[in-house]
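According to TrEMBL, the feature domain 'Aspartate/glutamate/uridylate kinase' maps to 7-215. Annotation source TrEMBL lists ATP binding site at 11, 12, 13, 14, 54, 58, 161, 167, 170. Residues annotated as UMP binding site in TrEMBL: 53, 73, 134, 135, 136, 137, 138, 139, 140, 141.
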Ligand code: UDP
C-alpha cells in the first residue's frame with residue numbers, strides 16, 4: 001500500500017481509554033484502540049504515540065483547588081505513564097513490539113526518552129509510546145506531542161478525538177453544524193479553537209507540521225487517513 005505519511009505521531013487523550021463504566025481505564029476500550037494501531041502497523045507505517053492523562057488526573061483541576069501547581073502537574077505526568085503501560089500491554093498482546101519511553105526517568109519500567117533511540121526503534125518498526133508529557137510542569141501532552149513529532153521528524157500529527165473533526169458549531173447541539181475539511185493554523189489560533197492548546201499549535205505552525213483531527217471511535221479511520229482519504233479536519 002502506498003502510504004501518504006510514512007511516519008506519524010498520534011496524540012491520544014487519556015479520555016480515549018475510558019468507557020462509560022466508572023473506571024479510569026477500560027481494558028476493552030484500550031484493546032479496541034490497540035486494534036486500530038495494529039491495522040496500520042501491518043501496512044508498514046512507523047508509529048509514535050503520545051498519551052495523555054486526563055482520565056486519571058489533570059494538574060489544573062487540583063491547582064484550581066489549592067494544590068501547588070508543580071506538584072499537581074507532576075501527578076498528571078505520572079498519570080500518563082500509567083496509561084502508557086496499559087497501552088503497551090494491549091499492543092504487545094497483539095504481538096506488536098513496543099517501547100515505552102518516559103520523559104521522567106523510571107528505568108525499572110520504561111526507557112528514558114532519547115531522541116536518537118526513539119528514531120532507531122521506529123526504523124525497526126517498533127511502536128514507541130511517549131509518556132510523561134514533556135517532563136516539565138506547566139505544559140500539556142498536546143505540546144509534548146507537537147514537540148516529539150518535530151523531534152522524530154514525523155510527517156503529520158494525528159489528534160485522536162471522539163468527534164469527526166472541527167465544526168463551526170457544536171455538532172451535538174446543532175444538527176446543521178458544518179465540518180471544516182481544512183483550516184490554517186491562524187484560523188485555529190484566531191478563533192481560539194480547542195483542537196490543541198496554543199503552545200502546541202504554535203509549534204506545529206513554526207515547523208510546518210500538519211495536524212489531522214479525527215474520530216478514533218470510528219473503526220478503520222486511521223487506515224483511511226494513511227491511504228490519503230480526506231477524513232476529519234486537516235490543519236496546515
Ligand atoms: N502535564 C505536565 N506537563 C506535560 C504534560 C502533562 O505537567 O508536559 C500534566 C498536566 O498536569 C496535565 C496532566 O499532566 O493536566 C495530564 O495531561 P493532559 O491534560 O495533557 O492529558 P489529556 O488531556 O491529553 O488526557
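Cβ atoms are placed via backbone N, Cα and C, with glycine included.
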Could you pull the average pLDDT for the domain 'Aspartate/glutamate/uridylate kinase' (7-215)?
95
Intrachain C-beta neighbours of residue 170 (ATP binding site), sequence separation six or more, cut-off 8 angstroms:
177
Nearest of the binding-site residues to residue 54 (ATP binding site) by CA-CA distance, picking from 136, 138, 140?
140
Counting all other Cβ atoms within 10 Å across every protein chain shown, which of the binding-site residues 53, 54 scores highest?
53
Please report the number of other Cβ atoms within 10 Å of the Cβ of residue 136 (UMP binding site).
15
Please state whether DSSP places residue 161 (ATP binding site) in a helix, a strand or coil.
strand
For the UMP site made of 53, 73, 134, 135, 136, 137, 138, 139, 140, 141, how many Å separate the two farthest Cα atoms?
14
How many Å separate the Cα atoms of residue 140 (UMP binding site) and residue 13 (ATP binding site)?
11
